[in-house]
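The block underneath contains the structure these notes are about, expressed in structure tokens.
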């Protein structure tokens, strides 16, 4: 989503922003229009602030070590001593595996499409179209794929590995699209210089193009994984709905994740559950904000301007 | 790496292939294999939807499915009319669109035409963060924060229900604003500077440039952003499951009723312990296919539109 194709010239000279000229032309309609536009942006950010503030206030009493030291419970009498530990470990397992599955496949696909594929061929265009379309398939449909094919037909059941495979497939288009953009940003001259020195295609890709594309790729990878981290819908279909009171210990363990645990807690009517849900939301948002900031930081600091 | 040094004179053909190490072919094979995964995913989705759906329509007629006004597969008297789910989905999508389109496009025009480049560089990442907030969080926000306010402020006596389509639609609208804004801003930034300058030279004001040059110039991109937003709203699950409830008996004529959408029905049905291959279990796939077809059509439209605006200016 970060693909701003603004020509760099407009950043530097910025002829679009000309306050003195527009002020001279100012009419009441102009001012009103600008205010209306600012209002639109303000509303969007106001909701972000409200959302975070509400979660922090509501979950304040539960933001203590109980949150990660204790196991979840479905019993109202024990909820004061409950936490979400198994959801945290479950999330680490599932997202760790998702990264291990989707990053190599996604980056390899991107390398194929950018460095190897002849995109006048119909099958390469089909591949591209297919990825664009997959990016828009609702996440719950991936859950159906997991339920019908991976859990039942292949027989992996409702386990950590099934969840990781489904989330990998879900975010694969994001990884591919972001990695392709990073590869495309590496100038052609770098490749030609490498070829001129007698390097093969793979030597060029591995030693010249990939290192230059790493910052852009890692930004895309982090954003893709943070999407997987917040995803709950497909996992509802994959058996992650109960209050699980143990940490996963293998690929074939039962599991729960933070978003799923939050959903479980919201469903319970008592206020104590809602407080714990809010605290877990704050934890989830902190993790996501940290990941997102890291992604933006990497993009701003390490991205080379050619 | 060992560099191949041709000692004796070699025929021309082998010079061309001289640099090709056996590893190169194998690596390329792996890359192709990785690329094939995404094709396999699409085939997997179609296969996993198709077979159970065909089985479902072996027992329930398509006419009953498309025209029935009751969806009660989990009740004793089973009826399989998908209209209540469709209407629920349409309500939520409509409300979300009405909120997200003006806010998203307004924010995009501001970011692209009015904001200082420094401000834009600072605000755009925040928009992206906003787009990355998990939907389960929006659901919680809708149910426990927005809905009580909505019920308080409601003017007439027929107050919205504890879970209702309206509040789910509002939360979803807020959720898709960043998506629409970010994509629409990309489209507006792609409008060539010369068009703006031409308009300024003809003494246009800033607002005239924005509304009569930039917006029409970026129209297909803006429409693509809207279509993608609508498609996200259509396929969103957690907000509706949490905030709109799971009621499916009868068509929800009013948005202040609680009702299920296609996605929340699937999520709800999957949480019960349905015996595999029962007709109830198959409903998940039949509704899933319907949802897939809708979003597929919207995605195809949006891909076409994006291609169109790229072609014009690049």
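Just so it is clear, glycine is given a Cβ too, placed from its N, Cα and C backbone atoms.
Here TrEMBL flags A:1-13 as compositional bias 'Low complexity'.
Annotation source TrEMBL lists region 'Disordered' at A:1-23.
Counting same-chain residues at least six beyond the ends of the transmembrane segment (A:31-57), those with a Cβ under 8 angstroms from any Cβ of the stretch are 63, 278, 281-282, 285. The transmembrane segment feature in TrEMBL is assigned to A:31-57 (among others).
According to TrEMBL, the feature domain 'ABC transmembrane type-1' maps to A:88-295.
Taken from TrEMBL, the feature transmembrane segment covers A:92-113 (among others).
Residues or ranges marked as transmembrane segment in TrEMBL: A:134-154 (among others). The list of residues near the transmembrane segment (A:134-154) in space but at least 6 beyond its ends in sequence, with Cβ under 8 angstroms from a Cβ of it, reads 162-163, 165-166, 169-170, 172-174, 177, 231, 233-239.
Look at TrEMBL and you will find A:160-178 (among others) tagged as transmembrane segment. Same-chain residues lying 6 or more positions outside the transmembrane segment (A:160-178) and placing a CB less than 8 Å from one of its CB atoms are 2, 90, 93-95, 97-98, 100-103, 105-107, 109-110, 113, 131-132, 134-135, 139, 142-143, 145-146, 150-151, 216-217, 219-221, 223-225, 227-228, 231, 234-235, 238, 240, 248, 250-253, 255, 257.
Residues or ranges marked as transmembrane segment in TrEMBL: A:228-246 (among others).
Nonlocal intrachain contacts for the transmembrane segment (A:276-298), taken as residues 6+ away from its ends with a CB within less than 8 angstroms of a stretch CB, comprise 52, 54-56, 58-63, 67-68, 79, 82-84, 87-88, 215, 218-219, 222-223, 225-226, 229-230, 258-259, 261-262, 265-266. The transmembrane segment annotation in TrEMBL covers A:276-298 (among others).
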